[in-house]
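Below is one structure. I have some questions about it.
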Amino acid sequence: MVTLRFVTGVFGNITALILYLSPMITVRRIIKSKSTEQFSCVPYAMSLLNCLLYTWYSLPFVSPNNLLVTTITSTGSTIEFIYVLIFLIYAPKKEKLKILGLLAFVLTVITMVALISLLALHGKPRMILCGIATTIFNIIMYASPLSVARMVIKTKSVEYMPFCLSLFMFICGASWFLFGILGADPYVYVPNGLGGLLGMMQLILYAVYRNKKVEPKKAIDDDFVVEMNPVDPEKAYPKPHQGST
């Protein structure tokens, strides 16, 4: 059982790392164009908060036997923080204030959880507080691409819902769901089980609408473009007569 949990955790680390790195296409596009365009920083900020909370939750003095969680979430925290900084550098002046507000919110939440759990709670109550906070924001992170799914249904096109992102969301959620089940840890298996279901839902939408197209301008003008890993820029802004999250 311990060996199976370890193998599941290692596999979960690999899939989670791929999921964290999947926005590199978006980040490269932002750096190249020196503009955040219509992309939202919210999913990255929520992912950062989720990683920080899970890193804190998985520390030995909060919950035991979660070293594999610590390794990937601390790595994810670094990656997501870099994404937020890139948004901060290239965002318009008004957006910079919003991003700073998001970053302040993230730091406030993790600081409050850390201080309360250290100074006011001990043992199981400490684990429960950190676990509940982690579960809430992990669900928010997994739910952040729902606006893209809504856009897919509205436009009947998967152009702005990349297959790989949906696939690895499903695999990552399923892996950590199994890891949590094997460790009898509801603060791991509940949110990740939901994340796996949301990933599966996106895969179903992809299967339904994958052969349908939509005019790029219509999709770009839509208010719901906040995905973490968009399609290639050449496809998003095609030239005449040419062919996340």
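For all residues, glycine too, the Cβ spot is worked out from N, Cα and C.
These came from TrEMBL, pasted as-is:
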- 6-27: transmembrane segment (TRANSMEM)
- 39-57: transmembrane segment (TRANSMEM)
- 69-92: transmembrane segment (TRANSMEM)
- 99-120: transmembrane segment (TRANSMEM)
- 126-148: transmembrane segment (TRANSMEM)
- 160-182: transmembrane segment (TRANSMEM)
- 188-209: transmembrane segment (TRANSMEM)
With pairs closer than 6 in sequence left out, are the transmembrane segment (6-27) and the transmembrane segment (160-182) joined by 3 or more CB pairs under 8 Å?
yes
Ranking 6-27, 39-57, 99-120, 126-148, 188-209 by the number of C-beta pairs under 8 Å to the transmembrane segment (69-92), which range is first?
39-57
Would you kindly list the residues that approach the transmembrane segment (39-57) from elsewhere in its chain, counting only those six or more residues past its ends and only Cβ-Cβ distances under 8 Å?
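Distant Cβ neighbours of the transmembrane segment (39-57) are 20, 23, 26, 30, 63, 66, 69-70, 73-74, 76-77, 80-81, 83-84, 87-88, 91, 95, 98-99, 102-103, 105-106, 109-110, 113-114, 117, 127, 130-131, 133-134, 137-138, 140-141, 144-145, 187, 225-228, 230, 245.
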